[in-house]
């Protein structure tokens, strides 16, 4: 008797191969992706390369996301399989098999599915893991080690997770068999459906949730506020999406039904009546497709924009090819400039567009009501939230008038209490600014300021202030030191220059010059102060820095790609099973409609329009979600250095068009299966 169960299980899987094979492929791909993420997150070789730790931290986060997704997704797909097979289980029961025997058959089916999916998934995962590792090494210009790495930890983690998932799936399937009567199982496909009721309260709540999520996305202006409210907006939109699909669609169709002039027409009568039942059965699945599609579009467009926008971000933080920064009182400053220029000359490279100025930079919170820059953290921490404080946080960079005139070639003049002000992101609202105990009158608002590097992107708001002379600078330095203590800033000397003719094609020479400079000067102390014979600052070459710039985003890019693949696979599979389910349901509907007098052409036209509407409704809704999320996501991406809105917009449009084509292709392929079932 025991041999009968494995044989029946194999026969059942073969006879249901149209539904089981896609399910097993999905399980295999999910297992392989989870193994790859586990393997990369624990690969010790990655910790030896620059940026490797960041990749592993992102992979660790992705590991948790994939695990949660795998539980929900595989349970959802398995429930579709069991739903189609309830009649089969009822027949077994009627023919004499007890429910415990059916449970044994289900156990063997689950075991075969697990073994086939796990073994093939791990093999595929090992192969793809090696490929991903080679890609990472290639990106970081690292040498490829010999050997074939297999992550034992990845195998154990995958076995534990998916072993538990398949055990829970088995128990859930058995529960459905044990809690149903044989007649109920046998007639599960033929059970009549009551007309869905209009749930006005849920529909209104759904619309309110969507409106609230959209409102947050459109009205939140500050990047940090957007980041803090991101989860809230996402939850509201997800809840709103499901409620609008499940309750809102029925309410809309009920309203159309009440319009007698519209409803009592042959095509409208059939379409609206059928759509109500169709939406009742498929609302959750359509909501799933919509949410998954939105996730795919947001992740791909965001990760693509970040990686394509690295050049813009790099240019912002490296406005000149060479940057020398040191404390104003460093005795080696001029010497280091000479060392740098000579090192580049030895490589046949000359400087142009030189800039040399003194600056004092520190952060402060701009109190708009009083036009006052708050520098004492105790003064604002009690009076405003951390988000509000960050919203008004800015970097103040002061330079003396002499250096400004040298750079611009102008001949501006200032009094002791006058300043020239440049403001970016948050313009000053008055012609006076107050900082510490000093009040300055703004003589002129500037349209541009001296080039600077990374300090200019460290805070939401940027202010450049030109003061009369170094006496004012020294006074600000002294007062700033009293407030910030050990965290005080110093007056720095900044020297920047470009390479004549540009740096393209000269990377090797620049790297040699950089190595020579590093050998001739000593780095700054750990506390940033100059010691005897040491240089207090640094020399930075943009071409050298660019080799490793953006390495921290590689992990984000990989996890974005992994999750996008996973969500696309889930979307396709849900669409596939939806077409199969609707095919069997519409097969009987075709016959009923023809029996009541409608021609074959009219029936086909009516059902085709319903299928198209239902199928593409999630894509259209996902497009609306992405459109409202555009400003919201962009503000969050500014925290990662993406400042090119046009680039992000183009990535969004491009990703949506490509995904729409892919979506249509999936529809065309699965619709063949649908019409094949209906024609039978």
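Heads up, the Cβ atoms here are built off N, Cα and C, so glycines get one too.
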Note = Students should find that the transmembrane segment stretch in TrEMBL, chosen from 283-310, 311-338, is 283-310
Request  = Mind pulling out the one from 57-77, 105-128, 226-253, 283-310, 646-670 with the most Cβ pairs under 8 angstroms to the transmembrane segment (611-634)?
outcome  = 283-310
Key: Residues from the same chain, set at least six apart from the ends of the transmembrane segment (105-128), whose C-beta lies under 8 A from its own   = 5-6, 8-10, 12-13, 20, 23-24, 27-36, 39, 92, 150, 154-155, 158-159, 162-163, 166, 169-170, 173-174, 177
Message = Against the transmembrane segment (553-577), which of these stretches has the most C-beta pairs under 8 Å: 20-37, 283-310, 646-670?
response = 283-310
Request  = State the non-local partners of the transmembrane segment (226-253) in its own chain: residues 6+ outside its ends, Cβ under 8 Å from one of its Cβ atoms.
outcome  = 196-200, 202-203, 205-214, 216-217, 220, 272, 275-276, 279-280, 283-284, 286-287, 290-291, 294, 387, 621, 625, 629, 632-633, 635-636, 639
Key: Secondary structure tally of the domain 'ABC3 transporter permease C-terminal' (64-181) (DSSP, helix then strand then coil)   = 99 helix, 0 strand, 19 coil
